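Chemist: Submitted below is the structure of interest, expressed as structure tokens.
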Amino acid sequence: MQLNAHEISDLIKKQIEGFDFDAEVRTEGSVVSVSDGIVRIHGLADVQFGEMLEFPNNTFGMALNLEQNSVGAVILGDYLHISEGDVVKCTNRLVEVPVGEAMLGRVVNPLGKAIDGKDDIDVQGARPLEIMAPGVINRKSVDQPIQTGIKAIDAMVPVGRGQRELIIGDRQTGKTAVAIDTIINQKDSGIRCVYVAIGQKDSSVAAVVRKLEEYGALENTIIVTAGAASAPALQYIAPYAGCTMAEYFRDRGEDALIVYDDLTKQAWAYREVSLLLKRPPGREAYPGDVFYLHSRLLERASRVNAEYVEKMTNGEVKGKTGSLTALPIIETQGGDVSAFVPTNVISITDGQIFLETDLFNAGIRPAINAGLSVSRVGGSAQTNIIKKLGGGIRLDLAQYRELAAFAQFSSDLDSETKAQIDRGQRVTELMKQNQYSPLSIAEMATSLFAVNSGLLDDIEVNKVVDFEAALIAYMNANQILLMSKINDTGDYNDKISNELQAAIDDFKQNHTW
């Protein structure tokens with residue numbers, strides 16, 4: 001078959017007319033150097049701070065240093081396959097993490113990818129890693145309690161919804177145990193929980209997952225983990241990722257709780273990243289913005305008003321307030337709370353629960369130091385009955401610790417001092433609580449009423465714990481209506497006081513422990 005010149009020109013015209021080409025404009029650069037998870041890139045003129053960068057083999061990084069002739073970025077994951085000369089592309093979007101109900105019950109890395117061996121997560125959307133904290137006008141005062149189920153905390157240092165309460169202490173003093181017990185106690189409260197594990201052993205995180213599953217709290221919890229073997233950049237962004245996931249629930253008019261375990265390791269990771277990026281070091285070799293590292297994270301925990309929720313949901317949710325409560329954990333060295341990072345976080349938060357090694361070793365667990373622990377806003381959110389019955393507990397314990405130290409040097413004590421020491425010993429025993437056994441409001445109120453009314457004065461100190469366990473079992477079995485009323489209303493009046501008195505008197509007369 002022969003084609004003449006006219007047919008050939010027609011074919012060429014058709015080909016030209018049918019040619020479809022969409023011009024794609026993007027900024028590209030090339031890798032100049034790569035080491036220790038830090039990449040120097042040349043040519044990304046339009047990159048913005050915190051932007052997600054695309055590397056070969058579906059690897060992503062984050063731009064942190066914007067210099068005149070180069071860009072310093074951290075790799076979010078494995079970087080061993082990246083080499084000099086590789087092409088780097090801008091994505092024109094900040095680092096994002098997936099959010100939504102589907103994340104509950106799952107273990108994910110800081111980028112939101114499942115690492116629990118189950119199916120992929122069907123995410124409902126994504127949000128930027130870093131979001132501005134709600135403004136002053138959008139906030140509401142903290143006036144609702146979050147029950148930890150731990151007597152010593154709910155009575156002495158209560159936590160409110162939307163509060164930031166620091167848990168601080170040396171290693172192996174029960175900091176994680178307090179946080180996990182609090183999460184377990186939320187399984188029927190409707191409060192969504194996020195547990196962020198930073199720089200921990202994978203075996204430790206697996207143990208936490210097993211415990212939450214055992215007590216039925218995992219289905220209500222998201223676990224974000226950046227283990228000890230993870231890149232420092234992932235440990236640095238892990239708290240922000242967890243916070244973004246928790247804010248999804250707050251902004252929909254729900255209540256959420258987030259635990260950062262722990263921010264000391266995040267500060268170490270950020271220090272490592274900053275030094276590798278050749279940022280000038282300051283005190284203890286931390287960069288100059290280490291305070292801002294934690295303040296911009298913890299300020300995102302808040303209680304927001306209904307107008308804010310309505311705006312964030314585009315009018316879908318009306319008339320509901322939301323809250324995000326933060327329990328950051330800080331590890332101290334040798335009980336030194338005046339070190340750089342601990343003082344920073346203490347100044348940012350709304351109070352602290354100080355756990356002491358000496359108390360822990362003495363068998364007083366949770367090892368809460370009543371004198372150094374404080375809650376700056378939780379008192380206004382405390383349940384009425386716990387507030388009235390537990391008001392003097394903190395003072396009793398603090399005075400007892402002082403008197404006990406003084407009594408070691410003197411054998412001749414007046415009757416009033418002896419009475420205070422005897423009461424303090426019983427209160428100390430009463431504040432002991434086993435791990436994974438949170439108490440309801442009514443159970444807590446029963447214990448506090450017993451010690452406040454002097455009903456423990458004739459109980460031997462070493463029998464107080466057994467007496468309390470038997471009393472609570474008796475109340476749950478024989479005083480169901482009274483316990484339900486206290487749990488439902490949280491009120492305290494003369495009628496409830498008389499009923500509690502009669503019930504405990506009956507127990508002491510007719511039961512053994």
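The chain as shown is numbered from 1 upward.
The backbone N, Cα and C atoms fix where each Cβ goes, glycine too.
Feature table excerpt (Swiss-Prot):
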- Gly169, Asp170, Arg171, Gln172, Thr173, Gly174, Lys175, Thr176: ATP binding site (BINDING)
- Ser373: site 'Required for activity' (SITE)
Chemist: Which are the residues of the chain, Gly169, Asp170, Arg171, Gln172, Thr173, Gly174, Lys175, Thr176 excluded, whose CB is within 8 A of where the CB atoms of the ATP site average out, their centroid?
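Modeler: So the additional residues around the site are Glu331, Leu355, Thr357, Phe360.
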Chemist: Please work out the number of neighbouring Cβ atoms within 10 Å of the Cβ of Thr173 (ATP binding site), leaving out its own Cβ.
Modeler: 26
Chemist: Among all the protein chains here, how many other CB atoms are within 10 A of the CB of Ser373 (site 'Required for activity')?
Modeler: 24
Chemist: Restricting to the same chain and to sequence separations of six or more, state which residues have a Cβ under 8 Å from that of Thr176 (ATP binding site).
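Modeler: Looking at Cβ-Cβ distances below 8 Å from Thr176 (ATP binding site), excluding near sequence neighbours, one finds Val208, Asp261, Ile329.
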Chemist: To the nearest Å, how far is the Cα of Ser373 (site 'Required for activity') from the Cα of Lys175 (ATP binding site)?
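Modeler: So the alpha carbons of Ser373 (site 'Required for activity') and Lys175 (ATP binding site) sit roughly 13 Å from each other.
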Chemist: Please identify which of Gly169, Asp170, Arg171, Gly174 has the densest Cβ environment, defined as other Cβ atoms within 10 Å, among these binding-site residues.
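Modeler: The residue with the densest Cβ neighbourhood is Gly169.
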